[in-house]
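Shown next, in structure tokens, is the structure this report addresses.
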């Protein structure tokens, strides 16, 4: 899953647009990443009662306004909504050698398991919010997309169990129909239930839970496979291993049912509008995208294709080059996820406090290039190299994705972020196939040279973005202090205009 850094895999918000009631002041500061039916600055605990709560509702744990209710039930359920999908997404990576041996396929064929996940999201990234807002609603939509994830993983597992490769790749395609949009639903629940000042913490915890799911998958699937009865045929052992992922998806669907019931209860008890993503998707807005926004898109694509596709083949790479055991190779391969779970909130805070986003983008990209060069041409322990790559990935994600909001007006942010994720998924889909072809035909050294070349392109676009920003004065690389002074100046100017009127 592609990740945005602070919230979601490929996870940044699909939109930071918001629709507000006329009675509430519109402010650009501290806006939630996804708007809800609750006005900006308001959450479930801020909305008027229809009447006093009685019975269980009189207890803080049952009162939808109460922090006890939000943090005891809603926060945990929100974090667990996409746990199953993140656990299952990188299951092929954790079992790469097993899948290739048991299904008798090469690396380029194996990579279809990832490219077929990304292809539907080239389109669906535009329309996920629309489907949640206008077609299903948040509660039903969560179950629909969670159902796609569950069904896809089940088809994937049954394909292995009955030795059907076609069934396995079909399962991954169905899985892709739900994975990204389930994260949109997750974010919508978050901004519906939590105050603005709580959202950074909530999104940080969501990211941590997702990374726990990915890390757990990387480290338990091979031991599970090895522990299954050796009397079974190899592909049957693979199928039963994949069914563990089905159980994880069932668990997430159950969480979706429970939080849906609690959300419905809150909607009835409180005078609250239905939750929505607030996404505004206008395809015609694409023609108005400025040059620096296109550069951000290109940086995103050329950077992310050097991280996620590499992880898909990382276990075999580390086993062959460094002669690691399968368990150790899985640990190394999961370090980017594990490190980013803790580092992303920290670097997000640092970038917020310092500004200079383009500087941080260049730093993250250069460090990642150094990591791939080290993996290609040295035998320095991969534990250290992948840990550093996890830090670099966190730096890049925390500094790159917010740049879109610095450039585009609010009504075009939905289209901007949707297109950014769409082109990112397109890059991942294409490069996943290229990675398989390179590994089969030329080996891992040439693959690393390819990764380094892509990062050099990303660095080139980053420097070009810096030069354009400096020449046009668009402020993408301003310090946090400079941005604050500009906001204060604009606020004073607005107040003066209001007083004159």
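The backbone N, Cα and C atoms fix where each Cβ goes, and this holds for glycine too.
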Could you tell me which of the ranges 272-292, 419-439 is annotated in TrEMBL as transmembrane segment? 419-439
Residues flagged as transmembrane segment in TrEMBL, choosing from 205-225, 331-351: 331-351
Sort out for me which stretch, of 68-87, 112-131, 143-162, 358-380, 386-407, has the most Cβ pairs below 8 angstroms to the transmembrane segment (445-468). 358-380
Confidence summary (mean pLDDT) of the domain 'Major facilitator superfamily (MFS) profile' (74-472): 90
Residues of the same chain, at least six outside the transmembrane segment (358-380), with any C-beta under 8 angstroms of its C-beta? 299, 303, 306-307, 310, 321-322, 347, 351, 386, 388-389, 391-400, 403, 445, 448-449, 451-452, 455-456, 458-459, 462-463, 465-466, 469, 476-477
Would the transmembrane segment (240-264) count as touching the transmembrane segment (68-87), i.e. at least 3 C-beta pairs under 8 angstroms with sequence separation of 6+? yes
Look at every Cβ pair spanning the transmembrane segment (240-264) and the transmembrane segment (143-162), keep those 6 or more apart in sequence, and say whether at least 3 of them are under 8 Å. yes
Please indicate, using numbers and ranges, the residues of the same chain that are 6 or more beyond the transmembrane segment (386-407) and have a C-beta under 8 Å from a C-beta there. 3-6, 12, 16, 290, 292-293, 296, 299-300, 303, 307, 332-333, 335-340, 343-344, 346-348, 350-351, 357-358, 360-361, 363-365, 367-368, 370-371, 413, 416-417, 420, 474-476
How about long-range neighbours of the transmembrane segment (143-162): same chain, 6 or more residues beyond its ends, C-beta under 8 Å? 81, 84-85, 88, 99, 102-103, 136, 168-179, 181-182, 185, 235-236, 238-240, 242-243, 245-246, 249-250, 252-253, 256-257, 260
